[in-house]
Amino acid sequence: MLYRLKLLLSGQNTKKERVRAKLEIDISIVFVMLGLLIFGWVMVTSASMVVALDDYNNPYFYSIRQGFFAVIAIFLFLLALLVPTKNYEKNYNAFFFIMLIVLVAVLVPGVGKSVNGARRWIPLIIINIQVAELAKLLAIIFFSGYIAENLPKMTNFKEGILTPITLLGCIAVLLLMQPDFGSTVVISICVMGMLFVSGNKVRWYGLLIGAMLIMATMLVIISPYRMHRITGFLHPWENANGSGYQLVQALIGFGRGGWFGDGLGNGVQKQFFLPEAHTDFITSVIAEEIGVIGLMILLMVYLFIVFRAMNIAKMAFELKRYYQAFLSYGISFWIGFQVFVNIGVNTGLLPTKGLTLPLISYGGSSLLIMCFTLGILVRVDFENKLLADTINPKYIYKKVRK
């Protein structure tokens, strides 16, 4: 079965290419993804049963939906494996316009769905698509193409800073109109990271970081609900029943779990004490039920994905596949930063912000997009191996099954 999948991925029928198709695809990422999907489904089930019973009179409502989306996500992962990355590279400009269209569409009354004053979803038949999740992937696809095409000019101010930051600003404005400050920060960090590894001049980043801090401060000052979150973050225990309530309850979960946890399913905070226990604050539930040791193991799994993505990017650079290199770097920055923010929010290191824990938190859009993204990453690695074997069969990848 695996051999047939490899053969299908190669898109070749000659005897020589069939031999090359036997090169191992990165099974480690596949196993890690499946492991996180299963673990996430178990934790969502544990964290959501009480809330689901109260909201829908069915304790497995969120669990069933999460399992359903996980199955679809696996098919999307396989679909991404079948698409050559050159297709993204050739049409990267089109992905920018697609991103603008969906970001504008969600703001149109009757098209976008408003929940608690935020208009972030486009309802489809079986799922509400959170367009910010799609925008993260589309932004990485687009900026990878832009940087790869202008790589010799990236040391120039116009091509290296002015143009990409202007385009990023357009995306940020549309995201902030939803409003979705968290996704704006994630995309900005990914793009800035990609610009940095492209060889941009370091001194420009001081100006960029300063400008972004000033803008972030202004956004907090002019927005009462953001100021409310900052107050709760700085003084959570003084506002334990107000703006700091969610953070205090999350920290109580960490305290209850200790090093080894209270046991799977035995958490207390998910029982109406901790809001959004199955989504943004599922990390606290994990810490309460399997302990800090279990959470550290989970963090190591995420670090494996991040460093594996960086290694894939490095190999793509060595093979002069610059688009694929920046694509892989962007994916590594995305996953790494989002995990960092989610855990930071749950532990009180960062202000409360609605970002999911990749592949674990409840949410169809996040699950589907992330699995498709990992499929792209594995595809990049597979193409790297085929090209390396074509250049020199003894070059790095020697594992060919006889």
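Positions of Cβ are set from backbone N, Cα and C atoms, glycine also.
These come from Swiss-Prot:
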TOPO_DOM  1-24  topological domain 'Cytoplasmic'
TRANSMEM  25-45  transmembrane segment
TOPO_DOM  46-63  topological domain 'Periplasmic'
TRANSMEM  64-84  transmembrane segment
TOPO_DOM  85-91  topological domain 'Cytoplasmic'
TRANSMEM  92-112  transmembrane segment
TOPO_DOM  113-121  topological domain 'Periplasmic'
TRANSMEM  122-142  transmembrane segment
TOPO_DOM  143-160  topological domain 'Cytoplasmic'
TRANSMEM  161-181  transmembrane segment
TRANSMEM  182-202  transmembrane segment
TRANSMEM  204-224  transmembrane segment
TOPO_DOM  225-284  topological domain 'Periplasmic'
TRANSMEM  285-305  transmembrane segment
TOPO_DOM  306-324  topological domain 'Cytoplasmic'
TRANSMEM  325-345  transmembrane segment
TOPO_DOM  346-357  topological domain 'Periplasmic'
TRANSMEM  358-378  transmembrane segment
TOPO_DOM  379-402  topological domain 'Cytoplasmic'
Answer with yes or no whether the transmembrane segment (64-84) touches the transmembrane segment (92-112) by the criterion of at least three Cβ pairs under 8 A, sequence separation 6 or more.
no
Cβ contacts under 8 Å made by the transmembrane segment (285-305) with residues that lie 6+ beyond its boundaries:
28-29, 32, 35-36, 39, 43, 46-47, 253-254, 256-270, 274, 277-278, 332, 335-336, 339, 343, 346, 358, 360, 374
For the topological domain 'Periplasmic' (346-357), what does DSSP give as the number of helix, strand and coil residues?
2 helix, 0 strand, 10 coil
For the transmembrane segment (325-345): best-contacting stretch of 25-45, 64-84, 122-142, 161-181, 358-378, by Cβ pairs under 8 Å:
358-378
Given a Cβ distance threshold of under 8 angstroms, which distant residues of the chain, six or more beyond its ends, lie next to the transmembrane segment (64-84)?
5, 8-9, 11, 25, 30, 33-34, 37, 40-41, 44-45, 127, 362, 364, 367-368, 370-376, 378-379, 382-383
Same chain, outside the topological domain 'Cytoplasmic' (306-324) by at least 6, Cβ under 8 Å from its Cβ: which residues?
26, 28-29, 85, 88-89, 92, 144-145, 147-148, 151, 331-332, 335-336, 377, 380-381, 383-384, 387-388, 391, 396
Under a Cβ pair cut-off of under 8 Å, which of the recorded stretches 25-45, 122-142, 358-378 contacts the transmembrane segment (161-181) most often?
122-142
Under 8 Å between C-beta atoms and at least six residues away from its ends: which parts of the chain pack against the topological domain 'Periplasmic' (113-121)?
106-107, 128-132, 178-180
Checking distant contacts: for the topological domain 'Periplasmic' (346-357), what same-chain residues at least six beyond its ends satisfy Cβ-Cβ under 8 A?
40, 181-183, 185-186, 229-230, 232-233, 236, 246-247, 250-251, 254, 276, 279-284, 287, 338-339, 363, 366
